[in-house]
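Below you'll find the structure, written out as C-alpha cells, and then a few comments.
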Amino acid sequence: MLLDQIEKHRVRVLLNRVNRWRDRMRAMSDEELQNQTAILREQLAKGKTLEQILPRAYATVREADYRILGLFPYDVQVMGAIVLHKGYIAEMKTGEGKTLTATMPLYLNALEGKGAMLVTPNGYLAERDETQLAPVYEWLGLTVSTAFRKLSDSKGQSEKKISAAEKRSWYNSDIIYTTASGLAFDFLFNNLETEKANQYLRPFNYAVIDEVDEVLLDEAESPFVVANSPTVLSNLYQAADDFVTSLIPKRDYRLKRRDNAVWLTYHGVRKAEAYFRINNLYDASSREIYRHIALALRAHFFLKNGHDYLVTDGKVVLLDEADGRLKKGIKVSTGLHQAIEQKEHVDLTENQRTAASITFPSLFGLFNKVSGMSGTVKVSEEEFINVYNMKVIQIPTNKPVIRRDLPDKIFVTTADKLMAAINQTIAFHKIGRPVLLVAGSVENSEIISELLLNHGIVHNVLNAFNESREAAMIREAGQQGAVTVATNMAGRGTDIKLGKGVKEKGGLAVIGTEMLSERVKLQLAGRAGRQGDPGTSQFYISLEDKYISQASTARFKNYYRHLIAKKNDGKPIIQLHGPRIRFSLLMLQNRVSSNAEEARKQTNKYETTMKLQRKSFHEIREHVITSKNLEQTVQRWIDEGIDELLKRNSQKSLNEIRNMINRHFTYNDIEIPQPILSNPKQLKEFLKKLSNQILTQKRVQLINEEQLNRFYRKALLAAMDEGWTDQVDYLTKLKAYIDGWGAMGRDPGYIYQVRAFNQFEQMLREVKINTINKLLLSTIGINEKQQLIVSFN
Ligand code: ADP
C-alpha cells in the first residue's frame, strides 16, 4: 500500500513537470513543435536519459495530438502514459482513452531508434489505431507502420506472398502497431530462415501491451506453434477413443474437475493393458499408447462442444475460453486436436510435427521493457508482480464513474436463470434502455437469441460466427432500445457510445448470464458507464454454471441435489438469497482463480526450460547464419561428430565401419586398412582424412570462398534445424505426457526438466553427426546463373 502511494506520488511529480511545458508548447509554431523531435534526440545523444527528457517529450506529443487530432490528453492519460514508460501496468477503465495514452510512451521510447511496439489482441484494433495515430507520429518526424499488410491496402494482392524486405521495412519503423499472435508467428518464422537476407526482425526493444491481462494471463498457456512436415498419422486415436468410450466411471477412471485432472484407476490400467495387448502401460515401450489414452481422456472429459470448440463444416475449430472467439488456424498441443476430432467423428487433420513454439510470456520476455494496460488488472496484481515483475498502478478516471454494479442474482437452474435475465431485458427494452446481454458460450448465445425471438425482440448476436460485423454491432449497441447478445468477446476493444436520449433513461445495462471470474466480470461491467455516463451491470448466475461445477465441493453438490429434490417434490426454490450462499460462491471463485494461477505457473516453468534451450540454440544458429568464414566451425563439428560415431560403434568390426561410412560419409566403396580397426586414434585420423578428401572434391566445383561459405552454412543449418525440430516436438509431447503425472503424486516439473535437459544434450550430439551427412552426402552444383544449388538427401 505504502509502496503504491510512493509510486503514485512519483507519477504525480512527473505529471506536474509535463504540465509545466503546456503553455510553452501551445505558443510554439508548428515548425518549432515539430523540431522538438530533433532536440530530444540530440539530448539523448548527449547522454540524457529517457526519464529526463520525458516531460518535454510528453508535452510535445500532447500538443501534437491536439493539433492533429483535436484531442488533448487529459492529466489522467498522462499519468497512465508515465506508468507505461516505467514498464508497469496501467489500469485504466474502458473509455478512458488508452489509445491516445499510448502515443506518449511510444513516441518517447521510439526516440532511441530501437523501435517501440503497441500490441493489441486483434488486427482490426491495431489497424484502426495505427490509421488514427500515424498522422501524429509522422508529423513529428517518426516512421510508423502496422506489422502486417493492412486490410485497406491489400485489395487484390492479399494472395501475394509478403517479401522479407517488406516485412523488414515494417519492423524497422520507429513505431509498430501489431497483434500478439502476429508477432509470435513472425518471430518463429524469422528464426527458421536460413539466409540472413530473409530475416526481418531486429532485437525487441519496448512494447505496450493493450489488454495485457488477456495476453499474459488468459492466453499464457497456449503456445504458438509452427508445424513442419507431417508425421504419420497413427490409428491409435481411433483405438484410444474407442477404449475411453468403453470405460466405466469411478471403477475405471477418476475425474477431479477441480484439479483439471483425469486418470485411470488400477482397474482402468489393467483394462487398457488387456485392450491394447501390452504388459505394462507405464513401460517406456507403451509411451505412445499411454499418451493417446491421456489425450482421449482429456478430449472426452474436459473439452465440450460449443464451449471449448465448435464443429463447423466437418472441422474442429477451437474457441477462446476467455472471450468466445474462434481461434482459426490454432491447434491445441500435439495430438489433442486429433483426439477431439476422433471424439466428434470428423476427419482427422494431419498430424504435424512442431518445428518451433513459443508462449506469449516468453515472447515478451525477449523485450528490453514491457508495459501494459487494461481495464481490470488490479485483481491479478500479485501474479503480475510474482511472474512478470510488473507493478499495477490504478489510474483515476477522468470523470467519476457513476455506473452501478448490482449484486449477483443467484438461481438454482440454468433455465430459471435465463428466464429471469430475459424478463429483465424485456423490461429495460420497453423503456428504451439499451441492453448488452452476455452469454457464457456460443451455444448459450444461440439459446438466448431463440428466447428473445420468441418474445418478438429484435436483436443482434455477436459471437464467433459473425465476428466480422463486430464493429458495426458495437456501434449500434448503445442506441435507444437496442438489444445485443454477445459472448465474452464484447468485453474488449471497441467502445460502446450512448445514443441520443439514452443517458436520461439510465444508460447501457449490462446483463451477464453466467458466473465468471472477478476480472472478466469487471471487464464486461466496464462496457457501461464510460466517461462518466450512467449505466448498470448485473450478473444472473445459477448453481449449474460451468464455473461452479469445475470447482464445486462435495458439500456444495449435496446442497444442489437437495434443492433439485425439492423442486421434484413440487416445492421449487428458484432464487437464492442471503450472505451464506454469497460467501460460498466467493470461496469457490477464489479457488478457481488460484487453480488457474497454479496452472499458469506450471506452464511458465516448462516454458523456462524451453526458453533457455531456445536461447542457447539460437546463439549457435546466429553465429552460423552471420559468420563469413565457417571453416573452423565445420572442422570442429566434423571432429566431434566422428568422436560421437566412434563412441556408438565401439565394437568396430570391419562390416560395422563400412556400414557407418556408407551411412554418413560416402556411398562409394572405400578401402579400409585392416590394422587401424583396433587403433581408435588411427581410425579417427582415417575418417578425418576421408571427410576432408570428400570436402575438397566438392570445393573444386565452387566458384569462390563466398560460395563455399554458403554451402557450409546451408549444411550446418539444415542439420541444426532438423535437430531443433525434433527437440521442440519432443518437449511438446513430453509436456502432454507428463501433465497427467501430477495427480499420481510425482513432481512433473522436475521430471520434465531432467528429461528435457538430457534430450537437448543428445540433440546437440546428433546435430554434429548430421552435419557430417549434410556436408559429405549432399550433391552440389552451379546453375546457369552461377548460383549454388545444394540438395541434401
Ligand atoms: P479505451 O480503449 O480506454 O476504452 P479508447 O481509446 O477507445 O478508450 O477511447 C475512447 C474514446 O474517447 C474515443 O472515442 C476517443 O476518441 C475518446 N478520447 C480519448 N481521449 C480523449 C481526450 N483526451 N479528449 C477527448 N476525447 C478523448
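The backbone N, Cα and C atoms fix where each Cβ goes, glycine too.
Predicted automatically and left uncurated, TrEMBL annotations should be read as such.
Residues or ranges marked as domain 'SecA family profile' in TrEMBL: 1-572.
Per TrEMBL, the feature ATP binding site maps to GLN77, GLY95, GLU96, GLY97, LYS98, THR99, ASP495. The 10 Å shell around the Cβ of GLN77 (ATP binding site) contains 27 further Cβ atoms across the protein chains shown. Secondary structure at GLN77 (ATP binding site), taken from DSSP and collapsed to helix, strand or coil, is helix.
What TrEMBL lists as domain 'Helicase ATP-binding' is 79-250.
Annotation comment: TrEMBL describes 421-579 as domain 'Helicase C-terminal'.
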Next item on the list: For THR99 (ATP binding site), just give me the three-state DSSP call.
Entry: helix
Check: Over the domain 'Helicase C-terminal' (421-579), what is the model's average pLDDT?
Finding: 86
Next item on the list: Around the Cβ of GLY97 (ATP binding site), how many other Cβ atoms lie within 10 Å? Please give the count over every shown protein chain.
Entry: 19
Notebook entry, point to check: Pick from GLU96, ASP495: which of these binding-site residues has the biggest number of other Cβ atoms within 10 Å of its Cβ?
Noted result: GLU96
Next item on the list: List the same-chain residues at least 6 positions away in sequence whose Cβ sits under 8 Å from the Cβ of THR99 (ATP binding site), in sequence order, or say none.
Entry: ASP129, GLN132, LEU133
Checklist line | 8 Å Cβ shell about GLN77, GLY95, GLU96, GLY97, LYS98, THR99, ASP495 centroid, ATP site members excluded | finding: MET92, THR94, LEU100, THR101
Margin query: For GLY95, LYS98, listed as binding-site residues, tell me which one has the smallest number of other Cβ atoms within 10 Å.
Written below: GLY95
Check: DSSP three-state call for ASP495 (ATP binding site): helix, strand or coil?
Finding: coil
